[in-house]
Amino acid sequence: MSTKDFIEKDYYKVLGVPRDATEAEIKKAYRKLARENHPDANEGDAKAEERFKNVSEAYDVLGDAKRRKEYDEARALFGNGGFRQGPGGGGQFNFDLGDLFGGGPGQQPGGGAGAPGGAAGGFGGGLGDVFGGLFNRGGPGATRTQPRRGQDVESEVTLSFTEAVSGATVPLRMSSSAACKSCSGTGDKNGTPRVCSTCVGTGQVSRGGGGGFSLTDPCVDCRGRGLIAQDPCDACRGSGRATSSRTMQVRIPPGVDDGQRIRLRGKGAPGERGGPHGDLYVVVHVDEHPLFGRRGDNLTLTVPVTFPEAALGGEIKVPTLGGPPVTLKLPPGTPGGRTMRARGKGAVRKDGTRGDLLVTIEIAVPREMGDAARKALTEYRAAAEGEDPRAGLFEAAKGD
Ligand SMILES: [Zn+2]
Ligand SMILES: [Zn+2]
């Protein structure tokens, strides 16, 4: 059951009863029409079937005192089969949207200047019921006033290398669009915008797409809001939206990489009319670490070793990021540039496991040496004479 149905369909006419018919009269009329048009009694008669549907639909509303009241009020508000013309023409209405916007300007009898008498005055507190009753029921014509999901918001954050690897909770200052406080989101100085006549308050306009389906576009006249300010609010210039900035603590999961865009569900702008929050997207920048590097899930580290350590082998202790050092066993004859792996000492993966720490060995050459060391090294040179590491280079250089 949509608003459009309420506006377009004359259920009293369908049942053939006057507007002031009693409950008993409505029931009687319905029973008679239902019996006459019942599909069982009119097999293969498509028109009877259609009538039966319409009669059932009409009774669904008029047969229920509460829904009949809503229907009557909606039609009084929107007119019968279209908009009732106000004195200013254009088929526009003024009414108090206090209830609709919740915590708004409250009951303002009569609305703004030039209000066509009756429409607003007659409703007062009843309007909330009308909208609540009609719009919460769903249906294609009711999208505008249904809860609407908040906007997605994008932000940026710069993390230290360690924070990126281990995860961190960081304060994030964000500006987002929220309902304007001055006008309670109505966009109107007096809190009395009129319903857009172009889209009948739905905020959407459908155009035939051919092939039996239609496409909907946001309404141009009201920019998809369904409402138009009569006396635009100074604070928001009639948009009903204001920029608000807030700081919130955001949990960045471990293992994020520089340039990564992460999505935090439900941390975006608040929804409208009780709709859910949008999502927050955070683009992460990661500072470099003076020591460690990053290659996917793995951390990298270059470790200097002495020539004797590399040549003779031995155990070396290397630091890890945020944990105790690990000891690596260098096999005798380890060349410079070799990479060794410390398992599970890398960055945290999505599944909670960790990558590895890739340790690249670099042969450190002492800048200065003590006499004893120099003497020993000179002796070593003499002992190792005849070993030429460049022997193969010249032959290879001549090759094709
Ligand atoms: Zn519109
Ligand atoms: Zn405003």
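Here the Cβ of each residue, glycine as well, is placed from N, Cα and C on the backbone.
As the structure is a computational prediction, the values presented were derived from the model and not from experiment.
Here TrEMBL flags Cys180, Cys183, Cys233, Cys236 as Zn(2+) 1 binding site. Among the features that TrEMBL reports, Zn(2+) 2 binding site is placed at Cys196, Cys199, Cys219, Cys222. As annotated by TrEMBL, domain 'J' applies to 10-75. Look at TrEMBL and you will find 167-245 tagged as domain 'CR-type'. Residues or ranges marked as repeat 'CXXCXGXG motif' by TrEMBL: 180-187, 196-203, 219-226, 233-240. The zinc finger annotation in TrEMBL covers 167-245.
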Checklist entry - Quick one: do the repeat 'CXXCXGXG motif' (233-240) and the repeat 'CXXCXGXG motif' (196-203) have at least 3 Cβ pairs under 8 Å, skipping pairs fewer than 6 apart in sequence? => result no
Checklist entry - At the level of the C-alpha atoms, what whole-angstrom distance separates Cys222 (Zn(2+) 2 binding site) and Cys236 (Zn(2+) 1 binding site)? => result 15
Item to check | Cys196 (Zn(2+) 2 binding site) versus Cys180 (Zn(2+) 1 binding site) - Cα distance in angstrom | outcome: 19
Checklist outcome for this item: Those binding-site residues among Cys183, Cys219, Cys222 lining ligand 2, judged by a Cβ under 6 Å from any of its atoms, are Cys183
Checklist entry - How far is it from Cys233 (Zn(2+) 1 binding site) to Cys199 (Zn(2+) 2 binding site), counting Cα to Cα, in Å? => result 22
Checklist entry - Listed binding-site residues: Cys183, Cys196, Cys199. Which have a CB under 6 angstroms from an atom of ligand 1? => result Cys196, Cys199
Checklist entry - Cβ within 8 Å of the Zn(2+) 1 site's Cβ centroid: which residues qualify beyond Cys180, Cys183, Cys233, Cys236? => result Lys181, Ser182, Ser184, Gly185, Thr186, Gly187, Asp188, Lys189, Pro232, Asp234, Ala235, Arg237, Gly238, Ser239, Gly240, Arg241, Ala242
Checklist outcome for this item: Same-chain, non-site residues whose Cβ lies within 8 A of the Cys196, Cys199, Cys219, Cys222 Cβ center for Zn(2+) 2 are Ser197, Thr198, Val200, Gly201, Thr202, Gly203, Gln204, Val205, Val220, Asp221, Arg223, Gly224, Arg225, Gly226, Leu227, Ile228
Next on the checklist: If I take the alpha carbons of Cys199 (Zn(2+) 2 binding site) and Cys183 (Zn(2+) 1 binding site), what is the distance between them in whole Å?
Outcome noted: 22
Checklist entry - When a 10 Å sphere is centred on the Cβ of Cys219 (Zn(2+) 2 binding site), how many other Cβ atoms does it contain? => result 21
